[in-house]
Amino acid sequence: MVAAVAAVAAVAAVAVVDNAPIIDLHNVVKQYGAGESAIFALDGVSLSIYPGEYVAIMGASGSGKSTLMNVIGALDIPTSGEYYLDGIDMASLDENQLAIVRGRKIGFIFQSFNLIPRTSALANVELPLAYQGIKMKERRLRALKALDLVGLSDRLTHEPTELSGGQQQRVAVARALVTKPALLLADEPTGALDSKSTADLLDLFDLVNAAGRTVVLITHEADVAARAKRIIRMRDGKIIEDTAKVLA
Amino acid sequence: MNFFEMVRFAVRGLVANRLRSALTTLGILIGVGSVIILVAVGNGSSKQIQDNIAKLGTNTITVMRGGGGFGARAQSRNTQGKPLTVGDAVQLSDKKSAPNVKQAAPVSNATSVCTNGSSSTTPASFIGTWPSYFEAKNTKVVKGTYFTNDDVTEGRRVAVIGKTTASDLFGEENPIGKVMRCGGIPFTIVGLTETAGSNGFLDGDSLIISPITAVQRALTGYGNISSIVVQAKSAKVQDQAQIEIESILDRSHGISNVNSRDYRLLNQASLLATTTSTTKVFTVLLGAVAAISLLVGGIGITNIMLVTVVERTREIGIRKAIGARRRAILGQFLIEATILSLVGGVLGVIVGFIGSNFMIVGVKPVIVPSSVFLAFGVSVFIGLFFGGYPASRAASLRPIEALRYE
């Protein structure tokens, strides 16, 4: 475990120590439809998350937590409000710049793993580096390291269908970490996993966070949220509760 | 992401979807190959017909009895006018009055049942003529000999027969030197003609050619003859030869008004022109069929390309989520489509070329180069457009929309 922690620290050399928030949302609104039938998936959300935090966002389905995650991850664009990611005004970026930000600053983990089908674990992990234009040799090296970190060194050539759900999600974690992102975003990462895989994955998140990386995860399971240091509850597109745990 | 990298991604994408890639390639292959072969068959059959007509001799002119046209007047001309005679053929052979005529031969058509023991046959044409007929009509004897002018003078009952007649009467035996009876009269077979094939109406090998004197004495009588075959010195002087024939016959038949001629001329060149335009229609028809198959093939390619992109919309979403730019995604899909189209197209051309080496329903296909370029160009264009266009649409989706796509 000590070796693993050291490895995480090596992969995750995040050098953010100042007090500027990594995620800064001001009165963000996401509206679907218009007029009478308008639905507010996000109804004026303001939120600041600082580097190194471990945040769980909870809420019933339809509470707007997934929309919030999509906005934070720059996968979706809010209807109004301001969003600064690591100090960058996201509204000022075009398509391409958003893609670059997603590639460099954010690591995504999805409930349904979202690995590229019929492509080996190694190739899947190399992919984000390839899109950043990193040379093949370095790419290979970093991908091997990331897969080693999640404990899948012996599954490099396996395709997603040849891996268990837990293994697939660990490949996804390796893919998310390989770019050394400032922020790890996980949308119901344990939703499709058994309890053993869930525990393994959460241990991995703890390591990542311990190495100084910001982790935001969305879940509706209380025991998963309990691992986080700060819990945000949502209902009807609004934050209704925001509690930071006192560290033991 | 550089170009080389995109090509690697594209190849990886194709290999990851082997079956679909193979099927797409196959679709393009069949589209291109079938168009090439189909057009080649059309072209080949039209070439074949032209060759067959050329085989009949392109610089021959046939003089037939009766004026041109239809109706009562033409009919009365046909029956009232002076018939063609051997004398006319002799005059047309005259080197002084017809310098552009190489040779002429009278043709007397007989109808008769010929027998050899219990075997019998009715030849499609039983011709009494002179030896010059063989050259004028481009009819070759491959076994035995031609009959000679001497045979004509002496009225010897000898015959050159076609393959069908020979097999009808003698089966597999060599017919040379054997005797057959036509209308009860014995004819000795001296030669066997080269296989002519069928022209669609008549079996060109169901044939007997004998000296005109013998045919007239034995079967038709010494009266009129059916036609005169004239060979011009070359295709170039055919028109002059035709004028000479007309002036000689006008004189001997006492015709002053060209509209009341009691004979007409049929030349191979005009026949060739007619059939060429006929075969052109045929080629156009096959071309239309080919165009339809290309269209159907194109729709097939379109379909697979569209399905491919739609099916991979989610994958596009994943790629965008992990930092792929629009250009990288579009590039990958375009290169995939290019590789599929090019490989399918090239294989289709190869299959087209190989397929065109075989006889297809009795026709030797002859490849039309423009069909190769057209088929190749159209399918590659369709592949690129319908691979590229939906990919560009998918690549401009917001990642969350693409990710939600099921």
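The backbone N, Cα and C atoms fix where each Cβ goes, and this holds for glycine too.
According to TrEMBL, the protein has these features:
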DOMAIN    B:21-247  domain 'MacB-like periplasmic core'
DOMAIN    B:288-397  domain 'ABC3 transporter permease C-terminal'
TRANSMEM  B:21-42  transmembrane segment
TRANSMEM  B:281-307  transmembrane segment
TRANSMEM  B:328-354  transmembrane segment
TRANSMEM  B:366-389  transmembrane segment
Intrachain residues whose Cβ lies under 8 Å of the transmembrane segment (B:281-307), provided they are six or more past its termini: 20, 23-24, 27-28, 30-32, 34-35, 38-39, 41-43, 45-46, 337, 341, 371, 374-375, 378-379, 382-383, 386-387, 390
Against which stretches of its own chain does the transmembrane segment (B:328-354) lie, if we need a Cβ under 8 Å and a gap of at least six residues from its ends? 1, 3, 6-7, 9-11, 13-14, 21, 24-37, 40, 301, 305, 309, 316, 319-320, 367, 372, 375-376, 379-380, 382-384, 386-388, 391-392, 394-395
For the transmembrane segment (B:21-42), sequence-distant contacts whose Cβ falls under 8 Å of one of its Cβ atoms, 6 or more beyond its ends: 14-15, 282-283, 285-287, 289-291, 293-294, 296-298, 300-301, 304-305, 308, 340-341, 343-345, 347-349, 351-353, 355-356, 360-361, 363, 365-368, 371-372, 374-376, 379, 383
Counting by DSSP, what is the helix, strand and coil composition of the domain 'ABC3 transporter permease C-terminal' (B:288-397)? 90 helix, 2 strand, 18 coil
